[in-house]
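Taken verbatim from TrEMBL:
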type	residues	note
DOMAIN	18-300	domain 'NADP-dependent oxidoreductase'
ACT_SITE	TYR51	active site, proton donor
SITE	LYS80	site 'Lowers pKa of active site Tyr'
BINDING	HIS113	substrate binding site
Amino acid sequence: MASTKFLTLNNGEKMPVIGIGTWQSSDEEIETAIDVALSAGYRHIDTAPVYGNEKAIGRVLKRWLDAGKVKREDLYIVTKLPPIANRPHEVEPTIKQSLADLQLDYVDMYLVHTPFTLFINPDGSFQFDDEGRVKVDKSTDHVAVWAEMEKLVASGLAKSIGVSNFSKEQVARLLKNCKIRPANNQIEHHVYLQQRDLVDFCKAENVAITAYSPLGSKGIAKFNAAAGVQRDLPDLMDIPEVKQIAEAHKKTPAQVLLRWIIDTGVVAIPKSTNESRLKQNLDVFDFELSAEEVAKLCALDKNIRICDFSFFRGVEQHPEFTFKNQFTD
């Protein structure tokens, strides 16, 4: 049965409140996971060029669409303008490449993936300076990029447009300089990083919030290690208060964490390639958290950012980089 819980965006489009995140999945893993997810009832799929899996996702979507197992209008597909293409003249060719890879005529949501921009070599690899730091393009102009994003709606390539990893000030700047308001800001959001000021501001401006890494992200530890970054990351499933609430409802800690996010009016895109966990992550609508339980989870905020982009050492030199990590002053 397909997911039937939606959040209505500021343009009237409806976004399923639970989607599947796809970062750090191999082609084989993601093809299997998307097949399982669609069978389980997921219709919201979140991807990006930097994940390297748009072609694999496209193959699965084509199989399902060609077989008549799902209608295009019932799918909600999100992809993003990558940090290497965060320039006005690259917006249209980049979404067209994503659409070709996804084998689709349009996406439901197109996001500016990061507020910063990176330089790459002709072969697509990142440029690094003599100290091994990624080279940043400091000429990033959000307003100019946004004007090109707006054209995608007019041309029918994207039904909705939004941003990701943008701060309150960065969203506010777009709101003052736009014809089409951002419909979405996709940010890291979980019990240990609640970003209440940003979330409350976006909600007040009718900009929907999507939570990535809603269950934390064990995969980022491997990503960090590959980049030579050592960080101890918390296990959100092991928080005593979360386990206690889960036991009371006969649910898993992950289901409690997701229900808390949805109950606060936020969309969640947990990533999993495990069949049983994929199904569990969607099975969060048959219980309710009490006001006391919600308050207990809200009190857990520790401002711990798991995806702090320290794996892109050098990005902290970009004027639009607003996170704190071990390389910032």
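Residue 1 is the first one shown; counting continues down the chain.
Each residue, glycine too, has its Cβ placed from N, Cα and C.
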Whole-Å Cα distance, the residue listed as 'substrate binding site' to LYS80 (site 'Lowers pKa of active site Tyr'), is 5
For the recorded positions listed (TYR51, LYS80, HIS113), most other Cβ atoms within 10 Å of the Cβ sits at LYS80
Across the domain 'NADP-dependent oxidoreductase' (18-300), the model's average pLDDT, rounded to a whole number, is 95
The rounded CA-CA distance in Å from LYS80 (site 'Lowers pKa of active site Tyr') to TYR51 (active site, proton donor) is 10
